[in-house]
Ligand code: ADP
Ligand code: MG
């Protein structure tokens, strides 16, 4: 009986037909009591949710309505577990207190902004998500069937081959929903899924959400201003007014409810608009009465109809659950192993790198340009004994190029990437370890390639020694420096916005560059201990030392002093290296330190990203203390 529901076009679609191969999930009912949410707003704290109560049931499509700023997104964030700090009260799933870790495995949150992976088509995005979320137990052909079904269900077949950036607003929204539907989550939260969509797109979206709900899932979405027709589609309506519950019950019950409070809805008026207007105080101070009539969400009177309807569906689901009960399914956090996640993500990142043609050509052009400029500036200085100092300048220039060029694009792009990762990570697509490993591995080939391209031009142009070992040594140092810089970009931008990271990157690099050359020209006179320690922190110093020992390390003959020059002070290479304060350096030590720094930088990047996405206790404490100090400092004297 309930396994048949009316499709949006009036056609009958059976539930099994709609999503045949997906694992069945148990129904999850959510209720919350005395929920409050406080934020620190400047000097004072601000109460956003005020002791609200409510219950959302499986098999139903629930709408959270309310004027803008009422607290709809806040309520969703808290129920989904996206925000935890500052919330108080109790949230229950199926009658027992919510275990956030378990709950996160069951729920998916589709946020208001549709952040989709760039440069891949809808079909590819779905295939990648299916690989990540359906695991390897399911065969590729079965996955394809699942993807096809969802694409059909969400009417995305026309946009299949379209790259995500070119999708229309409605299509983007539907793709976001499609991606999360893949592993049949029992609870789905959506923040304003219809905002920005036209009437047709909104009603398509809502009727498919209803179909999803009828499949035994709890679907909760916040809405801004639904049309009367859209409004009637909802099984359950929850109105939020200034952080409190002003109505909870069936859509059809809104008008009788308001009439009972002496607020008759005009015949030709959209009840959704009316209830939102009333609750935003447009017709006088009635919010208080509404809130007390439903006892801030505790009163169930207006919900009777909806619950009966839901029980029907749940019974049906329970039977199905008995047939397919799979307990271990619930215990896994991710559906694919870490190695699989790594390979899938690596493939996706490499695909995106290759697709980003414009950027690749830009990098080619930039490296050619820099190569020729620097090659011309230091033309043939490699063996000229009168220009040894300038050749040292060439080494420094190489280090600066290897430092800046790989770091800047990361500073610009990674903060946006973090937002995307946040969504996918929150919705349990993959773990951060495989993600970070794939990130590092995917960008390494391009960095190595472009570093070598630059060296292929400058090294011969500046007449450096053409011995295989020296060339390899020089290239190794350059590549290590470039990789560290890239990781340093990740470290800086993993916890900052684009603007702040683009400021922080160069600001931090100035001391590093200055420390790299500190003490040069002093010969063997040791610098003060403090400065030597400070210098040891700059990886650019090891890079510079490495380059100098690569080209000047023994055994190297004296340089050639040109005929027209009377005296070449730095003809002897060992003497020059000594004057630069680098006589004791060992190439292999430098390589070792650089490799260690690369490792440390990557570990730091991973750690900061992890803290950004799921802060541990210490990190949260630091934030709270920081906020506390800020408020105390800004308190005015009176
Ligand atoms: P909406 O119902 O439009 O989704 P929100 O839940 O986003 O509203 O926000 C509810 C209210 O809480 C708004 O007035 C908003 O300004 C305020 N608010 C939300 N987060 C914060 C915060 N971190 N600091 C201060 N005010 C906040
Ligand atoms: Mg909102």
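Just so you know, glycine gets a Cβ as well, placed from its N, Cα and C.
Look at TrEMBL and you will find 30-267 tagged as domain 'ABC transporter'.
According to TrEMBL, the transmembrane segment annotation covers 358-378 (among others).
The transmembrane segment annotation in TrEMBL covers 390-414 (among others).
Here TrEMBL flags 434-459 (among others) as transmembrane segment.
According to TrEMBL, the feature transmembrane segment maps to 471-492 (among others).
Annotated transmembrane segment per TrEMBL: 498-521 (among others), in sequence order.
Summarising the annotation, TrEMBL assigns transmembrane segment to 587-609 (among others). Counting residues 6+ beyond its ends, the transmembrane segment (587-609) has Cβ neighbours under 8 Å at 418, 421, 432-433, 436, 440, 473, 476-477, 480-481, 483-484, 487-488, 490-491, 494-495, 539, 542-543, 545-546, 549-550, 553 in the same chain.
Segment contact holds for the transmembrane segment (471-492) and the transmembrane segment (390-414), given three or more CB pairs below 8 angstroms at sequence separation of 6 or more.
When Cβ-Cβ distances below 8 Å are used as the criterion, the transmembrane segment (390-414) is approached by residues 359, 366-367, 370, 374, 377-378, 381-382, 384, 447, 450-451, 454-455, 458, 462, 478-479, 481-483, 485-486, 488-490, 492-494, 498, 501-502, 504-505, 509, 512-513, 516-517, 540, 543-544, 547-548, 551, 576, 580 of the same chain, each at least six residues removed from its ends.
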